[in-house]
Amino acid sequence: MADRAALEDLVRVQGERVRGLKQQKASAEQIEEEVAKLLKLKAQLGPDEGKPKFVLKTPKGTRDYSPRQMAVREKVFDVIISCFKRHGAEVIDTPVFELKETLTGKYGEDSKLIYDLKDQGGELLSLRYDLTVPFARYLAMNKLTNIKRYHIAKVYRRDNPAMTRGRYREFYQCDFDIAGQFDPMIPDAECLKIMCEILSSLQIGDFLVKVNDRRILDGMFAICGVPDSKFRTICSSVDKLDKVSWEEVKNEMVVEKGLAPEVADRIGDYVQQHGGVSLVEQLLQDPKLSQNKQALEGLGDLKLLFEYLTLFGIADKISFDLSLARGLDYYTGVIYEAVLLQPPARAGEEPLGVGSVAAGGRYDGLVGMFDPKGRKVPCVGLSIGVERIFSIVEQRLEALEEKVRTTETQVLVASAQKKLLEERLKLVSELWDAGIKAELLYKKNPKLLNQLQYCEEAGIPLVAIIGEQELKDGVIKLRSVASREEVDVRREDLVEEIKRRTSQPLCIC
């Protein structure tokens, strides 16, 4: 039994060696040689009799995050949250699951992606699909008619994951919403401003925000001859135009959804148009569309919206796009979606959209669905697609081979001689009590070189070195890891000096 335990230890050590070589990107020959040694040791162990067999993996559509990945995610969240707070938002939270009836019928065709849970004590529950429907339930339940809130939490979708593109079954949403009765388009314009501020701050590339209005879509469907019963399902087809060609969308509407070909052609004449405020004005003169009350209201609001967006200095980032449909059932007015742009392959070509990174819109009827008296609370909001953003930032850092700090330690408390553990413990405690992020090595008598090497590997910028002479003189030797410069600092001045030297803000990369 003891021999087997010793062999298992050897297998573990050899396994760690193989993993270390792979991380260091050692030569294939060296890795192959060490893997052969590992297999030989495992063969000596023989079969694992009586040991339960199970697969070590995360469930489909989910993932673990390493300290490096979490450091990147935290910095992205910091950018987003600071923007939400700058615009005066409060923060709320809601349960990860809701009563099934709360979520039913709010997401159109996407309702099939909701995760239902087993009956628990007579309550039928489902995991939340997004943060918007729980927010509407929260407003109705607490009889709130006015709030500006943000909410960052995980949501769940029984989708086919495409994890390389940041599409998961469990993922974070970052939502900002303004609820209340206000003058038209002022809150809507602020939501678009927030979206542009966040995407610009994250520096993930050029982007474009597509804008449309559900009233314009509904009016367009009506004048094109779409039956009322097919509005939502045709809307869902049109929403795929950013991913597939018009011919494929038309084929889906005609063959799968039974729409007359001539009606689909009339829709095609509209949904392939995009532009700025000039397109809004052009459609206001459209002989058919301008006769539809809903479409006219939507176009009037979009014209006003573009005026506010110009004042906010972001009109050049916004495109009025008649193909934007946003398949969720609860939208009632302005809708928008931000896409990252890929530079054109050849001169003269337009940039290509490479994926949605934020979206939102107005949903004035959702709260009324939950209110016993049907009282409506107008709402408009946005959601930042952080998982897609994380994937982009991670890929960029990999390509640049950027080193990412996984801790925020400001200083390592080190010693230059032996038998100074007590002094190191006293000093590190003083620093912690003063709010300084500090560490020390967990050895009684560590070598100074090992302490300095640890700082370089962990990206710790400063070392506070205690020595016998320094103790006599009442000073601490403060060393900059990058420049290797050392200065003596009076012990009572050490906290302020560390704060002064480490006050620079952290960037994403």
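One is the number of the first residue shown, and numbering goes on along the chain from there.
Glycine is treated like the rest: Cβ placed from N, Cα and C.
Residues 390-417 are the range that TrEMBL records as coiled coil, among 54-81, 222-249, 390-417, 446-473. Minimal Cβ crowding within 10 Å, among the binding-site residues THR132, GLN173, is found at GLN173. When the domain 'WHEP-TRS' (3-59) is classified with DSSP, helix, strand and coil residues number 39 helix, 0 strand, 18 coil. Tertiary neighbourhood of the coiled coil (390-417): same-chain residues 67-73, 76, 164-166, 202, 204-205, 340, 357, 423-424, 427-428, 431, 436-441, 445-446, 448, 451-452, 454-455, 458-468, 470, 477, 498, 502, 506, 508-509, selected by CB-CB distance under 8 Å and a gap of 6+ residues from either end. Within 10 Å of the C-beta of ARG326 (L-histidine binding site) we count 22 further C-beta atoms, all protein chains included. The 10 Å shell around the Cβ of ASP130 (L-histidine binding site) contains 19 further Cβ atoms across the protein chains shown.
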